[in-house]
């Protein structure tokens with residue numbers, strides 16, 4: 001798997017950094 005590299009946590013299932021998703025819950029990861 002890839003390493004989360006978005007520097008934020010999921011918030012209510014969403015990530016606010018462009019190109020990032022909550023696929024590595026509870027962390028955001030590059031989509």
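From the backbone N, Cα and C atoms, a Cβ is placed for every residue, glycine too.
The Cβ of residue 6 (disulfide bond) has 20 neighbouring Cβ atoms from other residues within 10 Å, across all protein chains displayed. Here Swiss-Prot flags 6-20 (among others) as disulfide bond, drawing on sequence analysis.
In the three-state DSSP reading, residue 22 (disulfide bond) counts as strand. Cβ contacts within 10 Å of residue 22 (disulfide bond), excluding its own Cβ and spanning all protein chains shown: 19. The disulfide bond feature in Swiss-Prot is assigned to 10-22 (among others).
In three-state terms derived from DSSP, residue 15 (disulfide bond) belongs to neither a helical nor a strand segment and is classed as coil. As annotated by Swiss-Prot, disulfide bond applies to 15-28 (among others).
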Cβ packing number for residue 20 (disulfide bond), 10 Å threshold: 21
Cβ-Cβ distance under 8 Å to residue 10 (disulfide bond), same chain, at least six residues away: 22, 25, 26, 27, 28
Secondary structure of residue 28 (disulfide bond) (DSSP, helix/strand/coil): strand
